[in-house]
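Colleague: There's a structure below that I have some questions on.
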Amino acid sequence: MMASLSLSTLPTSTPTKKPLFSKTSSHVKQSHRFKVSCNSAANNNEKTVKNSETPKLILPKTPLEMQNVDRRNLLLGLGGLYGAANLTSIPSAFGTPIAAPDNISDCVTASSNLQNANDAVRGLACCPPVLSTDKPKDYVLPTNPVLRVRPAAQRATDEYIVKYKAAIQAMKNLPDEHPHSWKQQAKIHCAYCNGGYNQEQSGFPDIQLQIHNTWLFFPFHRWYLYFYERILGKLINDPTFALPYWNWDNPTGMVLPAMFETDGKRNPIFDPYRNATHLPPAIFEVGYNGTDSGATCIDQISANLSLMYKQMITNAPDTTTFFGGEFVAGDDPLNKEFNVAGSIEAGVHTAAHRWVGDPRMANSEDMGNFYSAGYDPLFYVHHANVDRMWKIWKDLGIKGHTEPTSTDWLDASYVFYDENEELVRVYNRDSVNMTAMGYDYERSEIPWLHSRSVPHTKGANVAAKLVGIVKKVEDVTFPLKLNETVKVLVKRPTKKRNKKNKQEANEMLFLNKIKFDGEEFVKFDVFVNDVDDGVETTAAESEFAGSFSQLPHGHKHGTKMSMTSGAAFGLTELLEDIEAEDDDSILVTLVPKIGCDDVTVGEIKIKLVPIV
Ligand code: C2O
């Protein structure tokens with residue numbers, strides 16, 4: 001490890017003259033004075049604790065307080081109206097949101113088409129225990145809940161850690177069939193992600209229910225953690241108990257939190273199925289490709305911050321790009337064209353799963369595969385930070401940063417056992433107000449707010465110079481194979497956009513109908529106007545638009561599970577940075593990183609997406 005390099009020696013990566021966030025910059029100024037050494041980042045040591053606790057970020061108040069309107073009325077009365085906006089998918093015209101079945105006994109063994117189930121060490125029988133034949137009750141949020149404040153894992157006190165471990169141990173002590181047991185809690189993820197449920201509740205018994213790669217990703221996991229946390233609190237008799245969060249977006253949290261390591265004693269939150277080479281002091285990689293970047297500590301931190309900025313700001317300017325594409329009853333998760341995974345889900349979220357999962361295991365258990373991820377206590381701590389990203393994104397107060405408002409989203413619902421072993425149905429609409437849900441996050445600095453990329457090179461007319469050398473998108477035969485690097489020139493719908501234009505619409509690059517093998521870890525990178533100058537463009541530079549990445553949904557040998565998704569990348573700031581705003585066309589480069597041999601892209605286009 002290198003000796004105490006101070007983060008404050010990093011080049012500040014905000015090259016632009018004007019403030020990026022007039023609304024929030026006054027609150028976050030302090031992070032310029034943020035100091036952490038690469039040593040302390042790696043060791044979670046005491047000094048880090050003190051330093052990072054001083055500056056507190058005060059974010060603006062939550063702009064949106066959802067009204068609790070009777071959902072049945074909304075569903076019947078407004079379904080058609082809202083549905084009209086979604087004419088591309090016929091079922092939503094009936095206003096039928098996705099719902100987990102009332103009859104949880106209809107749950108089936110996950111991915112039962114697995115050819116080599118023996119490889120699945122955690123087992124694929126993921127259905128919950130059936131305690132009664134009663135229908136799940138609609139869940140009512142407790143009035144005046146005791147506030148639970150989720151601490152950043154790297155700052156958690158010894159006292160807290162003892163409590164947290166005791167709670168997990170109590171969970172592990174329960175009989176496996178108990179709905180609160182460690183195994184049953186883990187299986188929830190497998191059932192919802194690996195085909196345990198279908199859409200019978202909404203009239204589509206032959207279609208799977210899936211909460212990944214869609215706008216259900218954030219709310220489903222928020223509810224999952226909500227009950228998991230309440231169950232843990234109940235097990236140790238502490239109504240204020242809150243889960244820790246893995247603060248991977250802050251340099252002080254960019255290593256696996258120390259409490260999760262084996263300590264020679266029996267540590268209930270240790271998991272043997274983790275990548276042993278990624279224990280501290282290894283720095284987490286927000287853009288993890290499946291192989292270590294080899295970057296120095298300081299470069300890795302810088303790249304991480306820059307990628308966080310891209311995923312939270314540049315590539316998530318609106319509801320769809322942050323939450324993921326809409327997914328309503330009748331949509332087939334294995335085959336939904338034009339679907340887009342949210343920037344955080346497809347980005348840092350997937351990367352952390354893969355970075356923690358054990359590469360020696362057939363399916364990268366535990367974290368590296370959806371079916372097994374819930375078996376690692378770190379899963380919930382990782383997802384707490386994912387959930388925190390939702391809060392931060394919304395609290396930035398930027399126009400366009402709002403939750404979906406369609407009833408297809410608001411009324412989508414899942415079924416869980418609550419802390420009283422009561423089977424309850426919960427709705428997305430009740431997940432938007434964290435205060436009403438009774439929890440919050442301990443503040444931690446958000447240094448990536450200042451990590452807008454710097455250009456690798458600047459210059460106009462890159463694409464114009466390549467006409468005749470690189471194919472124009474209209475001359476490309478789709479679907480386009482990604483078994484090798486692909487370059488294509490893409491025309492912009494408009495150019496020379498002024499300030500007002502930019503306030504009205506985001507210019508976005510869309511990769512639609514991406515088909516890939518759902519059994520593989522898939523990742524490719526996307527660059528704009530990246531010309532070969534002999535020096536590789538890094539993910540921290542402006543030309544790097546972002547990545548598409550996917551965690552395997554299961555594992556089978558010999559066969560493929562074809563899935564379709566899409567990706568969107570923000571161009572407005574990118575083109576400003578590289579000074580290409582006046583160009584007619586841009587050069588788009590797709591670089592396969594892993595699992596791309598069978599990947600195809602069905603469409604590449606630039607669109608202006610109105611900011612509403
Ligand atoms: Cu449900 Cu992190 O995945």
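Any Cβ shown, glycine's included, is placed from N, Cα and C.
Pulled these from TrEMBL:
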- 1-26: region 'Disordered' (REGION)
- 1-25: compositional bias 'Low complexity' (COMPBIAS)
- CYS107-CYS127: disulfide bond (DISULFID)
- CYS126-CYS190: disulfide bond (DISULFID)
- HIS189, HIS212, HIS221: Cu cation A binding site (BINDING)
- 212-229: domain 'Tyrosinase copper-binding' (DOMAIN)
- HIS349, HIS353, HIS383: Cu cation B binding site (BINDING)
- 376-387: domain 'Tyrosinase copper-binding' (DOMAIN)
Colleague: Can you tell me which recorded positions out of CYS126, CYS127, HIS189, CYS190, HIS221 are within 10 A of HIS383 (Cu cation B binding site) by Cα, answering none if there aren't any?
Modeller: HIS221
Colleague: For the recorded Cu cation A site, enumerate neighbouring residues of the same chain (Cβ within 8 Å of the Cβ centroid of HIS189, HIS212, HIS221, site residues themselves excluded), in sequence order.
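Modeller: Here the nearby residues are TYR192, CYS193, ILE211, PHE217, PHE220, TYR224, PHE370, ALA373, HIS383.
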Colleague: For the Cu cation B site (HIS349, HIS353, HIS383), what does the 8 A shell look like? I mean other same-chain residues with CB within 8 A of the CB centroid.
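Modeller: Counting only non-site residues, the set is HIS221, GLU345, VAL348, THR350, ALA352, MET367, ALA373, PHE379, HIS382, VAL386.
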Colleague: Distance between HIS221 (Cu cation A binding site) and CYS190 (disulfide bond) at the Cα atoms, whole Å?
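Modeller: About 12 Å separates the two Cα atoms.
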Colleague: Can you tell me how many other Cβ atoms are located within 10 Å of the Cβ belonging to HIS189 (Cu cation A binding site)?
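Modeller: 26, counting other Cβ atoms within 10 Å of HIS189 (Cu cation A binding site).
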Colleague: So how many of the residues in the domain 'Tyrosinase copper-binding' (212-229) end up helix, strand or coil by DSSP?
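Modeller: Final tally across the stretch: 13 helix, 0 strand, 5 coil.
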Colleague: Tell me, which recorded positions from CYS190, HIS212, HIS349, HIS353 are within 10 Å of CYS127 (disulfide bond) if we use the C-alpha atoms?
Modeller: CYS190
Colleague: Are there any residues at least 6 positions away along the chain from HIS353 (Cu cation B binding site) with a Cβ closer than 8 Å to its Cβ? List them or say none.
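Modeller: Sequence-distant Cβ neighbours: MET367, GLY368, ASN369, ALA373, HIS382, LEU551.
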Colleague: Tell me, how many other CB atoms lie within 10 A of the CB of HIS383 (Cu cation B binding site), whichever protein chain they belong to?
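Modeller: Its Cβ has 25 other Cβ atoms within 10 Å.
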